[in-house]
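Here's the structure, in structure tokens; my notes come after.
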Amino acid sequence: MFLYYTIATLSVLLYLHGFFPIPARIATKPKYNNTSEAKPHNQKAVIVIIDALRLDFISEETTPFLAKTYKNTGCFTQLKVETPTVTLPRIKALTTGNVPQFIDIIVNLASPTKLDDSIIHRAHARKKNIVFYGDDIWLKLFPDHFKRSEGTSSFYVNDFKEVDDNVTRNVKHEINRTDWDIMILHYLGLDHIGHVFGPKSPLILTKLKEMDDIIEEIYNNSKQTLFIVTGDHGMRDSGGHGGSTFPETNVPLVVLGLPCKNDTFAQIDVPANLAVLLGLDIPTTSIGQLRSSLLSHLSLSRYLEALKYNTLLLREKTDLCEESIETAKHFHELYLMNKNEDLGNNAAKLYRDCSKKISERLLKSSVKQNVGSLFVATAMVGCVVLKILQKFSGVRTHHAHLEQVAMVTVLVVQFLELFSNLILMIVTSVIFLRNIVRFNLKHLAATTDLSFLTIVSVLHPLSFLSSSFLEEEHQFWYFFAGTFVSFKLFDEPRSWVLMFATIRFLRTINQVGDKWAAVPDLADWLLKRENHLFLQLACVLALSLSACSSFMLTKRKCMFIVDVLVLFLIYLYRMVVNENVVLGQVLWMLILLKFFYCSVRGHGLLPTWLLIANLLLKPYNLILIPMCVFASQHFHRALKAEDLVMAHWWMGNLLFFAQGHDNSLASVDISAGYVGLSNYEPALVVPQVLCHTYALPVLSHLLLFRNKQIDTNKCLSLFVMFRSYIIAVVFIVTFIHRHHLFIWSVFAPKIFAEASHFGFLFVEVSCHYLSQTINKFFI
Ligand SMILES: [Zn+2]
Ligand SMILES: [Zn+2]
């Protein structure tokens, strides 16, 4: 069976590869140049990017200097930001004027490669001296473009102060120097506060005031300078970013030192306008439009010249609008001959309409999926589901090895794109149909008991056909878990009432989804400064219950003492010493020692995993761990074998959402990856983030396998089958909706969420198989 799981995993990778292709490069040789001889309005420019700056963060109360000054000599623009609202793709949009691919999120975690063209390249080509301080992503995107620079790492989210102090220290030196033309600053502190405490924290106000003061200081020390203050993306109401809610996708753009008007436009329009303002060439990558609100100080002939230049540049990328551009050029020439303003305005309108049309078209068609890969991957996952079902129903498979080899070959060949899509699609269809024909539904129906939870699990992925159900998936799990428990109330009211109350309580801890995520929840209440005592109490209660449950599971006094010690240190770590790095490392060491001890004694992973979960979970979520253990105890007492397996499967999924996750990237808590670390080490941060994300599903699986009567391999097959089935439906749904308006904001993140569920389950299954093999080898 393991080979089939591997095939399913390969198929998931193939789908990702086909859905998020790596974009082709665009030619970088400029065909048109900015030929204007006129001097730009501003000699110098200061561009300040405040990471995760929300629209409502700029106001008279929060940033008094900025708010007052733009009203006198500048303007305020609401920038529309594309998803994914993650730093790297947004920096690319701000500098290249193009929408980067969704794949950039993955690249964001790895290291970014340098860009081919951007406003920075254009400034550099015109011999402008650029200085840069802030997020070191810039240094990787633009190596050797800066005269002076210093980068700070953006991945250590618990640092609110030093990242910004490093930037400000350099700014103080630069103010006194006169040899730079463009200064770019990228401040990270605000984003970090958002990740850890959310946008309502009092620390946000302090940080905004700090930013406001710095900008005031630079402003007072520079003359004839264009100031641009903006955010790369916003911040969702619950903190973090990556999704598509309004506060994430709308950021302010404050311009100082230029007569301009308030407006609303897209983030990708920034580089083209900036190029015109600074007298630079527009980057060839740009698909943005020029905005009259920013260029109102130009004379009509200068404005027309700039419009013509940008429109011709856009026209290079598509064949739209040919006739109108010719007409516009004609009006433009007539205007230049007899200076009739009406003709000039007509030309400007035609240029603007054309560039709008082209820009919108380019934005829509920026991604092209490989349909062959999507088809092959979906059908292969479908085959694996059928295979597992065949195994459950006891159907013997002939030539299994031959078929496995064929499946792997098709996947690899499709991945490398060696053959035409059509041939591989036909081969895949043959394999799939062969499995369908051999499938014996009657036999399967006769050999399996259909419990309520099984039926609901089969119906569950069908809800994804509606994008709202996708965003609010947790509602499905809560509702049917509640329904299941209420059926049980008829049999045994006393013991199940408590379970019912537990499910109700789970909903209050973290609000997730799209529509109600901002509604205050228990976690928000506990995180308020005035409620710190209650947070302490909740933490102590949860850790004590965890100690009890650990004792209940192992019944060993010496282990119990070690557990109490570790849990006490976890309390100190979270509540007393402010997540001290050394204590974090000590805790990991103790947990590792316990892991080795348990492995040698054959106690399995469960006792260690309990401690790992306690170490990684946020204090307000700790209560979920003993809840999970006690619920499992209850299931073991009260349920039959089939229901027992499904109940644990449901509990794992339910707790995943109860912990504060949903189908958006923004709900993944990156700050959980830094226990015992003081800087970004991908090899240590990524596993910690993953263990934190899947702590509770894994815990409920381990609690199930504790029962010796349960066939672990069969359960794992069942779990893999349900995951494969869900992901196959998600694949089909996203394929159907690939031109849908919500494809990048709702469906694409769901593919990522499901792929990572699947990937983590595969790791879990591999660990089980590995430990079984080792046991067989030694015993
Ligand atoms: Zn950012
Ligand atoms: Zn961030």
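Even glycines carry a Cβ here, placed using N, Cα and C.
Quantities reported herein were computed from a predicted structural model and do not represent experimental measurements.
Feature annotation from TrEMBL assigns domain 'GPI ethanolamine phosphate transferase 2 C-terminal' to 424-569 (among others).
According to TrEMBL, the feature domain 'GPI ethanolamine phosphate transferase 2 C-terminal' maps to 641-751 (among others).
Per TrEMBL, the feature transmembrane segment maps to 6-24 (among others).
Using a Cβ-Cβ cut-off under 8 Å and counting only residues 6 or more beyond its ends in the same chain, the transmembrane segment (371-389) has close neighbours at 1, 4-5, 7-8, 10-12, 14-15, 17-19, 397, 407, 410-411, 414-415, 421-422, 424-425, 428-429, 431-432, 435-436, 439, 444, 717-718, 720-721, 724-725, 727-728, 731-732, 735. Marked as transmembrane segment by TrEMBL: 371-389 (among others).
Per TrEMBL, transmembrane segment is recorded for 409-432 (among others).
The transmembrane segment feature in TrEMBL is assigned to 533-553 (among others). Sequence-distant contacts of the transmembrane segment (533-553) (same chain, six or more residues past either end, CB-CB distance under 8 Å): 525-527, 559-560, 563-564, 567-568, 570-571, 574-575, 606-607, 610, 614, 619-620, 622-623, 625-626, 629-630, 633, 706.
Look at TrEMBL and you will find 560-576 (among others) tagged as transmembrane segment.
Taken from TrEMBL, the feature transmembrane segment covers 582-600 (among others).
Counting same-chain residues at least six beyond the ends of the transmembrane segment (609-632), those with a Cβ under 8 angstroms from any Cβ of the stretch are 499, 502, 506, 509-510, 522-523, 526-527, 535, 538-539, 541-543, 545-546, 548-550, 552-553, 563, 566-567, 570, 573-575, 587-588, 591, 594, 648, 651, 655, 658-660, 669, 672, 675, 688, 691-692, 695-696, 698-700, 702-704. Marked as transmembrane segment by TrEMBL: 609-632 (among others).
Away from its own ends, the transmembrane segment (716-736) comes close to residues 1, 5, 8, 12, 15, 19, 374, 377-378, 381-382, 384-385, 388-389, 391-392, 457-458, 460-462, 464-465, 645, 649, 701, 743, 747-748, 750-751, 754-755, 757-758, 761-762, 764-765, 768 of its chain (Cβ-Cβ under 8 Å, at least six residues beyond either end). Annotated transmembrane segment per TrEMBL: 716-736 (among others), in sequence order.
The list of residues near the transmembrane segment (742-763) in space but at least 6 beyond its ends in sequence, with Cβ under 8 angstroms from a Cβ of it, reads 5-6, 8-9, 12, 15-16, 19-20, 82-84, 102, 105, 242-244, 464, 467, 470-471, 663-665, 690, 693-694, 719-720, 723-724, 726-727, 730-731, 733-734. For 742-763 (among others), the entry in TrEMBL reads transmembrane segment.
Using a Cβ-Cβ cut-off under 8 Å and counting only residues 6 or more beyond its ends in the same chain, the transmembrane segment (560-576) has close neighbours at 535-536, 539-540, 543-544, 546-547, 550-551, 554, 583-584, 586-587, 590-591, 594, 607, 610-611, 614-615, 619, 675.
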